[in-house]
Amino acid sequence: MKVAVLGAAGGIGQALALLLKTQLPAGSKLSLYDIAPVTPGVAVDLSHIPTDVEVKGFAGQDPTDALVGADVVLMSAGVARKPGMDRSDLFNINAGIVRNLMEKVAVTCPKALVGIITNPVNTTVAIAAEVLKNAGVYDKNRLFGITTLDVIRSETFIAELKGLNVADVKVNVIGGHSGVTILPLLSQVEGVTFTDEEVAAMTTRIQNAGTEVVEAKAGGGSATLSMGQAACRFGLSLVRGLQGEANVVECAYVDGGSEHATFFAQPILLGKNGVEKVLPYGEISAFEANARDAMLDTLKGDIKLGVEFVK
């Protein structure tokens, strides 16, 4: 099993690479790529950790060597948010980065499962899809926007609010991966009841959690460590699915035939071909239904931006 991390020298990339080095199955290969010259050194640093995961690092303009034979590609390359920016402000820089990297993926490892971390995810996943379509290798079951950070934040915040063991908290987050498009389905959390005020406050906190971190870091970065953990969880789930493990379910932003938008985050069953099945997200409350319907214009606009960028 070979996993490639693109953008591996950045804050998210290094955290993700560390977690993968310690958690990937024995015998796996971990391939790190970044434009930054430090990248081979990051690989050497990680190689001293005593796990049976081989690490190699590649720097420079061309990620091809890092991508050869990759089963899973996790893309975190791009610039991070600073105070006063929202995820859409990142579009102007990150759109081109994602396009260029995906052109290499399309040629070098078109069958790989690709998880996009680079923001704005609502748009960058659409860019990735268009690049793969133009190359004639698009498979909607192999492309994912990683929204796991919204899920782990939801789990954490709910456990804190209600005094629960966080390992027991399960919550689906649907929609997209920015602002109002992030919709945690709090009505479905088992064994917990929320007041209307708690639902409104919790939903807003989850939607704005990225900004909470950006402001707390005071210009020193964005959510890198928690995003690294979220991406590792999702990446390991992709690997487990590829290895034939049963009942591997995660939420992700996918081209899954949703009635709501071309790309929509909801629970998916993972397997040997990526998405084995898009799962229904179930009964939702009136508050959630209203929030879902209200986000769709924003989400569709984000997707359209990505499609038009590649044209």
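Glycine is no exception: its Cβ is also placed from the backbone N, Cα and C atoms.
What Swiss-Prot annotates here:
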ACT_SITE  H177  active site, proton acceptor
BINDING   G7, A8, A9, G10, G11, I12, G13, D34, N94, I117, T118, N119, M227  NAD(+) binding site
BINDING   R81, R87, N119, R153  substrate binding site
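The Cβ of R81 has fewer other Cβ atoms within 10 Å than any other of the recorded positions R81, R153, H177.
Annotation note: H177 (active site, proton acceptor) sits in a coil segment as assigned by DSSP.
Cβ neighbours within 10 Å of N119 (substrate binding site), excluding its own Cβ and spanning all shown chains: 28.
Spatial neighbours are here defined as Cα atoms within 10 angstroms of one another, and by that definition the neighbours of H177 (active site, proton acceptor) among the binding-site residues G7, A9, G11, N119, M227 are N119.
Ranked by Cα separation from N94 (NAD(+) binding site), the binding-site residues R81, N119, R153 are led by N119. Put simply, R81 (substrate binding site) is 11 Å from T118 (NAD(+) binding site) when counted between their Cα atoms. For the NAD(+) site listed in the record, the two most distant Cα atoms among G7, A8, A9, G10, G11, I12, G13, D34, N94, I117, T118, N119, M227 lie 18 Å apart.
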